[in-house]
């Protein structure tokens, strides 16, 4: 039987990220099409080579075709039929999808139905799925949802204290995101500790950021809510605020509610306080960004304390992942120091270079603390393989 390659696709409103794997789950190539609809930029990495070029992408369709042509042009594949499986990251599956799913007429219709819950994400994701269904007719397509891991959150944790019809008629509730990352971290540590199920507090800290309480291997609670805007202070997102601010600013500045929410998503967070959304720049200049760093660290620490309480103080590890959690040692140290009274201990000597994971807690620490490099693309590959194999059976 011919061994098929597996493509992982992450489509956004103005960008598409790709990773191509062989049947041994090894990365063959990484691609990026960004600034779609504007001026266009393309990047491809393979065999220790890197191609970067400006390309006009008028829509997602042209971006997909350019990437697939680049794979053939650079002899990464000979024919498109070599790609037998495509895993699509889909942000919003609501509480309907409790697992990854083979894309068919029904599942695609549901993804489109949930565009109203995540218009910036589900629409381009649905569009790109349809493009691949046409471009590579022989491939199976699997949708892997950010929200799936959080469908185990109990009702008392996902329900908002709002009128009942908001949930019943408009699907307003906590969904949570970064689920693929949390699933990867949980499974990685199950293997590392040779123990399952685990209790974990995982901080996924990147430009977007959230915290998740995992109880017995399942999501118990998470800081992001109905949208990724809730929770931690992020690169450009405000995180938790008083909701009455939205109508107040709309009235005061003669803006629509959508305009205000757009500013909370794209012009707030660390960007609003420091003028930069790049966490590396911010934490490299602590003397200039002192207030912003304190706000950021305090918010993460508050969620760690909250979730430790919800887990009755019984956890196998506190985990830091995502671009900031994996690499910004100064930031992680500050957060751990902020929760030292709860029994978490570290020191700067433990923050060296590492590959997949690194223990950063001291012997005196009540709890283990790890940094773990997440791999959402590999998790999507594994979910896609599992779902497509089950279909064959």
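Backbone N, Cα and C atoms are what each Cβ position is placed from, and that goes for glycine too.
Swiss-Prot has this to say about the protein:
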- 146: active site, proton donor/acceptor (ACT_SITE)
- 10, 376: Mg(2+) binding site (BINDING)
- 17, 204, 205, 206, 207, 208, 278, 279, 280, 323, 324, 325, 326, 327: ATP binding site (BINDING)
- 89: substrate binding site (BINDING)
- 178: site 'Transition state stabilizer' (SITE)
- 237: site 'Transition state stabilizer' (SITE)
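Sequence features, as recorded in Swiss-Prot, placed on the structure.
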| residue | record | DSSP class |
| --- | --- | --- |
| 17 | ATP binding site | strand |
| 146 | active site, proton donor/acceptor | coil |
| 178 | site 'Transition state stabilizer' | coil |
| 205 | ATP binding site | strand |
| 278 | ATP binding site | coil |
| 324 | ATP binding site | helix |
| 376 | Mg(2+) binding site | helix |
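Restricting the binding-site residues 10, 89, 207 to those with a CA within 10 Å of the CA of residue 237 (site 'Transition state stabilizer') leaves 207, listed by sequence position. Among the recorded positions 17, 89, 178, 278, 324, 326, the ones whose Cα is located within 10 Å of the Cα of residue 10 (Mg(2+) binding site) are 17, 89. Ranking the recorded positions 89, 146, 178, 376 by the distance of their Cα atoms from the Cα of residue 207 (ATP binding site) places 178 first.
Note on the residue listed as 'active site, proton donor/acceptor': other Cβ atoms within 10 Å of its Cβ, all shown chains, come to 24. Contacts of residue 280 (ATP binding site) defined by a Cβ separation under 8 A and a same-chain sequence distance of 6+ are given as 327, 328, in order along the sequence.
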